[in-house]
Amino acid sequence: MEPKAGMVAGSHNRNEFVMIRHEGEAGPKPLKNLNSQLCQICGDTVGLTAMGDVFVACNECAFPVCRPCYEYERKDGNQSCPQCKTRYRRHKGSPRVDGDEEEEDVDDLDNEFNYTQGNGKALRHSQELTVPVRIVDPSKDLNSYGLVNVDWKERVEGWKLKQDKNMMQVTNRYTEGFNITHASLCCSADDARQPMHRVVPIPSSQLNLYRVVIILRLIILGFFFQYRVTHPVKNAYPLWLTSVICEIWFALSWLLDQFPKWYPINRETYLDRLALRYDREGELSQLAPVDVFVSTVDPLKEPPLITANTVLSILAVDYPVDKVSCYVSDDGSAMLTFESLSETAEFARKWVPFCKKHSIEPRAPEFYFAQKIDYLKDKIKPSFVKERRAMKREYEEFKVRINALVAKAQKTPEEGWTMQDGTPWPGNNPRDHPGMIQVFLGHSGGLDTDGNELPRLVYVSREKRPGFQHHKKAGAMNALIRVSAVLTNGAFLLNVDCDHYFNNSKALREAMCFMMDPVVGKKTCYVQFPQRFDGIDLHDRYANRNIVFFDINLKGLDGIQGPVYVGTGCCFNRQALYGYDPVLTEGYEDEISLLMSQKSLEKRFGQSPIFIASTFMEQGGLPPSTNPASLLKEAIHVISCGYEDKSEWGKEIGWIYGSVTEDILTGFKMHARGWISIYCMPPRPAFKGSAPINLSDRLNQVLRWALGSIEIMLSRHCPIWYGYSGRLKLLERIAYINTIVYPLTSIPLIAYCILPAICLLTNKFIIPEISNYAGVWFILMFISIFATGILELRWSGVGIEDWWRNEQFWVIGGTSAHLFAVFQGLLKVLAGIDTNFTVTSKASDEDGDFSELYVFKWTSLLIPPTTVLIINMVGIVAGVSYAINSGYQSWGPLFGKLFFAIWVIVHLYPFLKGLVGRQNRTPTIVIVWSILLASIFSLLWVRIDPFTSSTTKAASGSQCGINC
């Protein structure tokens, strides 16, 4: 499919197919004819046998290879056919190599080393073939024969160089030069066989002590509960029972969270070894093709400028341009997204060569130019500074054009949007429109300003019609899987949100260190990168960075079966998304192809012969039978709204339906089949994105995550009972169980946070008088909790402030969003009341740095934690006043109650700051504490009453009332 060939729109169900072509644009160029007698390795003629037949090196597929290349592959290569991977059989006259089978009909000892090497010359003593062979049509592209990953023309120069080196070795056999050349070749070969990654274990001095503390904490926990259960508080039995139930649930929740962190590991990649093996300088790259997915819905909530920066960082990635394709899914069918992507494609022609010429990082212009760097430092060439200034001006003009499009899109015309050529925009109705595809850049066109090719950029908007279930983001991602398989069929997929740009241009190479590993790659379903964020306040008030989750929990899972899928920044094996099991034994692919008939394939993948054929291309690339002229129509077919009917899409294939957090469910299904995942943390973060720093937006985001977990828990895919017949490891299952049940902790948590206030108001407590023996266990319990946290911070490298913010927001989210998610999930499953998915706003700070942090947006999620705060503050005032009235002896029991109440308020302190917002002068927290302290001191003043003498007080106390 050619770039700039115009937009393609249509509906398979309605038999509509329209191509909107601009004036002056030509159609596709015809393919070039190739000589049918050429060797596909060196380009020379194949040659004839002694019988006058064409020389056939491989009897299985008849891939055209000349006799010299055949001998070279047997002697110095991998001894197998480059197409079908079948080991070469020895022909008569060929020297023996290790592994040749002993066959009488091919033994020719007299002439074993006597054969003619030449281009097209007859070879003596050649065996007459009796096995029928398939003749390769040389007029087709080599990619049609499955040679996307191993294009053998790239070995021509290496073969000729090796021939020259062999001649040099013969000529200078006894010279010192031979030893140097041989040593260098051996060294290079050894480096190419080195692993491309390694596991960096946590030092045993840290990890063993960490595990010992966990075991001790379990023992202490047992004695703690033995005391709590056997020592009830008789005068406060309901409070005691509630507290014990809550504490038992907290202990179970801790166990579910703790044990998956038993085997934490780090990983390290070697990009130089990857390049040495698959991307040698001066040779054609053998790196696998990758399709990158970008998803967006509403351009007014997800600004087009942010999406444009993400796309530009993808197009400028450090990876062979013919191996990268970028697909942008517009699930809102907005013309604003389409026009901004067209502007982005034009700007990419200038931006991409600038990035690659000067090797800049990051390659998203908005964030690159925002860096405060002294460009004259380290003697940078003046030409770079000049080009950078020119590029910055170009980018500012690009921003003006994008912002003009945004301003224009604020008011929709009554007749709907129209394109530049006057054609009505097909997506004017976002709920009822045909599928749309536009290729902006591609391999056969769309050159940059330096005349180099650019990666393919494709706009996709799937068809939507009333009455069809479209499954939100999961459905859009599955449509991208199918359309990418039809157009490019990259062996691997990488998906990012529209606000997550490539912060590291080598991110794809980092993933390939695992995906293309000969051993690990066959059983790896995806490589997950951690999420890192820009634009978050210095102290990360609402724990937006999720450092504890990404740097502790996922590291722990990486040592078991791999991290969970977090929805973005993840590189997939396409075969894993197709629902296949990992390759654990030889010949597994042949077994699958034999067991599955055409009818079963259509029932599984849908009725698209081209797409079904692409699923068998494990190394990527289009299938041999593909007709380029039919790709556009087939691409429209696979994104039609009824394509998934009566198929396994969303059930066993692709992104799994049934939850708003489709990421957790999709990763769980893969792990249940026996796949492993990898957690890759390069020194420079691979991706960076934006996060909602406003309190209300943050709580709504957490609500969506928690609601998705509840939906999974109440579905058939619940990890508690699903997948026991598969290969899911026990600790990995425990991690998934913890992922779906954590919202339930909100119920005991909010009860436990109210208990201190009730104790202060009723002058009762949940714990009886503690003996010295019991006090020791209480002290050891607190010490073990702190010791576990400190040791986790030690082996993970997480800072104590990040850990504390995570603890605070655990309470904030547990008393608000998680509680609402539990009830909304129950309503959705039991009563069928669905909740709408709200796209998180990615607005920029136009009123100053972190201005969005102080914006107050009222939502019902704020009610429960606000109530908890008020009740505990009232309880503190009442408890202090009661102690003052009761005398000195009541202050001792009061301290325990005050400790728990203050514990709640301290954890909700960031919520309190976000609740009252930012004042002009006086910090709001000062006002709140002033009111609290004023109330306490007022009660003290009334109690002491310094202006009344003691005699008067005694007299008033001895007076008898009316009922004396």
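Start at 1 and count along the chain as shown; that gives each residue its number.
Glycine residues also receive a Cβ, built from the backbone N, Cα and C atoms like all the rest.
Record features, source TrEMBL:
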- ASP331: active site (ACT_SITE)
- ASP663: active site (ACT_SITE)
- SER295, LYS301, GLU302, ASP331, LYS472: UDP-alpha-D-glucose binding site (BINDING)
- LYS473, ASP497: Mn(2+) binding site (BINDING)
- 39-85: domain 'RING-type' (DOMAIN)
- 76-106: region 'Disordered' (REGION)
- 740-761: transmembrane segment (TRANSMEM)
- 773-796: transmembrane segment (TRANSMEM)
- 808-827: transmembrane segment (TRANSMEM)
- 861-884: transmembrane segment (TRANSMEM)
- 890-912: transmembrane segment (TRANSMEM)
- 924-944: transmembrane segment (TRANSMEM)
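Take the Cα of SER295 (UDP-alpha-D-glucose binding site) and measure to each of the recorded positions ASP331, ASP497, ASP663: the nearest one is ASP497. Put simply, LYS473 is the one of the recorded positions GLU302, ASP331, LYS473, ASP497 whose Cα lies nearest to the Cα of ASP663 (active site).
The binding-site residues LYS301, LYS472, LYS473 differ in how many other CB atoms lie within 10 Å of their CB, and the one with the most is LYS473. Using Cα positions, the member of the recorded positions LYS301, GLU302, ASP331, LYS472 nearest to ASP497 (Mn(2+) binding site) is identified as GLU302.
Residues 542-543, 699-700, 702-703, 706-707, 709-711, 713-714, 742-747, 749-750, 753, 833, 835, 860-862, 864-865, 868, 904, 906-911 of the same chain lie 6+ residues outside the transmembrane segment (808-827) yet bring a C-beta within less than 8 angstroms of a C-beta in it. The separation of LYS472 (UDP-alpha-D-glucose binding site) from ASP331 (active site), Cα to Cα, is 8 Å. The 10 Å shell around the Cβ of ASP497 (Mn(2+) binding site) contains 24 further Cβ atoms across the protein chains shown. Same-chain residues lying 6+ beyond the ends of the transmembrane segment (740-761) with a Cβ under 8 Å from its Cβ atoms: 236, 239, 242-243, 245-247, 249-250, 253, 256, 664, 706-707, 709-710, 712-713, 718-719, 811, 814-815, 818-819, 821-822, 825, 864, 868, 871-872, 874-876, 878-879, 882, 897-898, 900-901, 903-904. Through the fold, the transmembrane segment (773-796) approaches residues 202-203, 206-207, 209-210, 213-214, 216-217, 220-221, 223-224, 227, 231, 258, 261, 264, 551-552, 555, 803 of its own chain, all at least 6 residues removed from its boundaries and within a Cβ separation under 8 Å.
Per DSSP, the secondary structure of the region 'Disordered' (76-106) breaks down as 3 helix, 2 strand, 26 coil. Across SER295, LYS301, GLU302, ASP331, LYS472, which the record gives as binding UDP-alpha-D-glucose, the greatest C-alpha separation is 16 Å.
The CA atom of LYS473 (Mn(2+) binding site) is located 14 Å away from the CA atom of GLU302 (UDP-alpha-D-glucose binding site). Cβ-based neighbour count (10 Å, all protein chains) for ASP663 (active site) stands at 24. GLU302 (UDP-alpha-D-glucose binding site) is surrounded by 24 other CB atoms, counting those within 10 A of its CB over all protein chains shown.
Around SER295 (UDP-alpha-D-glucose binding site), a 10 Å sphere centred on its CB holds 21 further CB atoms from the protein chains shown.
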